[in-house]
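Features as listed in TrEMBL:
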- HIS22, SER39, TYR110, ILE111, ASN112, SER127, HIS196, PRO197, GLU198, THR213: iminosuccinate binding site (BINDING)
- CYS84, CYS170, CYS263: [4Fe-4S] cluster binding site (BINDING)
Amino acid sequence: MDAMRDKVLKLAKEKNAIILAHYYQTPDIQDIADFKGDSLALAQYAAETKADIILFAGVHFMGETAKILNPTRKVLIPDMNAGCSLAESCPGEDFAKFKAKYPDHIVISYINCSAEIKTLSDVICTSGNAVQIVESYPKDQKIIFAPDKNLGRYVNEVTGREMILWDGSCEVHDILSAEKMMQMKIENPDATLIAHPECPQPVLILADFVGSTTAMLNYTKNSDSKKFIVATETGILHQMKKDSPEKEFLIVPSDESCSCNDCAYMKLNTMEKIYLALKNEKPEIILPNGIMEKAKLPLMRMLELSIK
Ligand code: 13P
Ligand code: SF4
């Protein structure tokens with residue numbers, strides 16, 4: 001495995017490629033990345049890199065976002081099948097019809113959507129800046145929020161808005177169990193409960209802290225608490241443990257008897273696939289120019305509205 005890692009690093013250097021990794025990647029991939037982050041930080045980084053090649057260890061919509069924001073770079077992803085259930089829950093044609101029913105509304109879309117949905121949006125947000133983006137519009141602005149109903153409901157609650165929500169969700173977060181979280185809290189009364197806003201409402205109600213991947217990482221690092229019950233994807237634990245080796249982290253399971261906290265799409269990426277992608281310079285993200293130009297506008301608006 002170390003030999004493969006060394007081959008990847010050597011090839012990336014030779015080809016002036018940078019490796020970006022989301023915190024949901026396996027630890028070995030996170031550890032070789034030039035930069036790792038949540039969706040917002042990765043988009044910000046991808047927009048500015050001067051590397052010839054961006055190898056994006058994440059999922060397809062993240063690669064698309066990098067290509068749209070920095071179109072002169074070659075963007076590679078390790079596996080073309082690394083999609084996203086949330087992005088897939090919002091097909092372009094259906095969303096266009098939905099949008100047409102609300103002609104006086106603007107569209108704010110979560111970055112976990114296809115490039116096509118981005119072309120139908122006024123501004124994009126991530127879980128890290130959703131509240132900030134929504135609050136940048138006047139209170140009486142009518143808004144459609146897509147595609148994540150859980151994040152949308154959470155932002156409605158925090159901001160007091162009544163955004164119309166598209167009925168989409170993430171298959172990893174949406175099935176995390178509030179009952180199991182409660183049971184864990186009873187067994188670990190000294191633990192602090194933290195959750196990602198893609199989780200369903202009962203989980204968010206129980207949580208002491210709700211935040212994006214980076215916000216959760218910062219919270220566990222800075223908190224005095226020594227034990228955390230964590231409601232999100234398992235990949236985040238690697239960085240949490242690195243930041244705070246003396247603290248304990250327990251992951252909230254789903255109701256199913258499976259490894260459901262692992263995003264099956266994110267976990268399609270392997271060190272070997274990264275090596276092959278760099279060697280063959282494919283799979284490459286290619287998008288029609290028309291889509292890229294249209295999708296770039298709401299993404300740039302998001303970057304302008306976000307505090308770094
Ligand atoms: P963030 O990186 O914005 O926390 O989103 C989590 C996620 O589900 C990425 O696919
Ligand atoms: Fe999509 Fe959920 Fe996987 Fe993130 S964790 S990539 S939202 S399916």
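Keep in mind that glycine also has a Cβ here, set from the backbone N, Cα and C atoms.
When the binding-site residues TYR110, ASN112, HIS196, GLU198 are compared by Cα distance to CYS170 ([4Fe-4S] cluster binding site), the shortest distance belongs to GLU198.
Straight-line distance linking the Cα atoms of TYR110 (iminosuccinate binding site) and CYS84 ([4Fe-4S] cluster binding site), rounded to a whole number, equals 13 Å. When the alpha carbons of CYS263 ([4Fe-4S] cluster binding site) and ASN112 (iminosuccinate binding site) are compared, the span between them is 14 angstrom. Looking at the residues that bind iminosuccinate per the record, HIS22, SER39, TYR110, ILE111, ASN112, SER127, HIS196, PRO197, GLU198, THR213, the two CA atoms farthest apart are separated by 17 Å. Listed in sequence order, the residues of the same chain lying 6 or more apart from CYS84 ([4Fe-4S] cluster binding site) and placing their CB within less than 8 Å of its CB are VAL59, HIS60, PHE61, ASN112, CYS170, TYR265. There are 25 other Cβ atoms within 10 Å of the Cβ belonging to CYS170 ([4Fe-4S] cluster binding site). Non-local neighbourhood of HIS22 (iminosuccinate binding site): LYS36, GLY37, ASP38, SER39, LEU42, ALA57, GLY58, VAL59, MET62, THR213, GLY235, MET266, each in the same chain, at least six residues away, with C-beta under 8 Å from its C-beta.
One way to see the shell of the [4Fe-4S] cluster site is to take the Cβ centroid of CYS84, CYS170, CYS263; the remaining same-chain residues with a Cβ within 8 Å of it are VAL59, SER85, LEU86, ALA87, ASN112, GLU171, VAL172, HIS173, GLU233, TYR265, MET266. Secondary structure at TYR110 (iminosuccinate binding site), taken from DSSP and collapsed to helix, strand or coil, is strand. With a cut-off of 6 Å between Cβ and the nearest atom of ligand 2, the binding-site residues HIS22, TYR110, HIS196 reduce to an empty set.
There are 26 other CB atoms within 10 A of the CB of GLU198 (iminosuccinate binding site), with all protein chains counted.
With a cut-off of 8 Å between CB atoms and residues at least 6 apart in sequence, the same chain places SER127, HIS173, VAL210, GLY211, SER212, THR213, MET216, ALA231, THR232, GLU233 near HIS196 (iminosuccinate binding site), listed in sequence order.
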